[in-house]
Amino acid sequence: MEVKIKQVEEVKISRYIIKETMEDWYQFVESDVVIVGAGPSGLSAAYYLAKAGLKTLVFERRLSFGGGIGGGAMLFHKLIIEKPADEILREVNVRLKEVEEGVYVVDSAEFMAKLATAAIDAGAKIIHGVTVDDVIFRENPLRVAGVAVEWTATQMASLHVDPIFISAKAVVDATGHDAEVISVAARKIPELGIVIPGEKSAYSERAEELTVINTGKVAEGLYAAGMAVTEVKGLPRMGPIFGAMVLSGKAVAEEITKDLLKSEIRT
């Protein structure tokens, strides 16, 4: 096959990448919402927040998105979704196979690819390879006002490097089972009054509903979504059924949108 390929020299490759990357960072250094974790709840939240017109930035420590979706069920490449979460997946064009009334099997690769694409197409910015290791806080009133970030590779190398800061009107902990952002805030800002009882063992039937019900604000400016909710609220885990994860993301997006609208009205 003969093909005429545009020739691009190395310096131009570097300049264009550096310029466009820095423009993104410069634009999003002041965001409406920062979501930590590009798993199912984080991506769902990003999709609905961006659709609502909020400047939404997602940090993911890995070089891929999807969180626990990719691992499927013990590396089996299928997952379970139940009603009414199927409505969210249909909205982003994920194909579902109904195996009993209200219960669906989905392909893990398709699920995470289409959910991420939907969030990006809605306007969310996802940046990989970045770890959030602290938060910004303010007093009078006491609130979380952003995050401190570092390259994941820098942390893995145990290099002593200061972070940079990203401001946000709302920070969402979608880091999963360890609720990493909320755990840091609880430890370093005790006046927030956050107590973390820890996640309980599996009880899928109850866990799904309880996770969605308990999704939301943990402290002013700080919210929990997905498995971070089970850690912070002492709820049971549910395993490879992902309805609550995407519903939790949608729920936290709706709460943040309302909270920020109220804040704008007050100011």
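Here the Cβ of each residue, glycine as well, is placed from N, Cα and C on the backbone.
Binding site for NAD(+) per Swiss-Prot: GLU60, ARG61, GLY68, VAL132, HIS160, VAL161, ASP162, MET227, plus SER41 from the candidate set SER41, SER44. With all protein chains in the displayed structure included, the most crowded Cβ environment within 10 Å among the binding-site residues VAL132, VAL161, MET227 is that of MET227. Among the binding-site residues ARG61, MET227, ARG237, the ones whose Cα is located within 10 Å of the Cα of HIS177 (Fe cation binding site) are MET227, ARG237. For ARG237 (glycine binding site), applying a Cβ distance below 8 Å and a minimum sequence separation of six or more within one chain yields HIS177, GLU199, LYS200, SER201, ALA202, TYR203, ALA207, MET227, THR230.
Fewest other C-beta atoms within 10 Å: among the binding-site residues ARG61, HIS177, that description fits HIS177.
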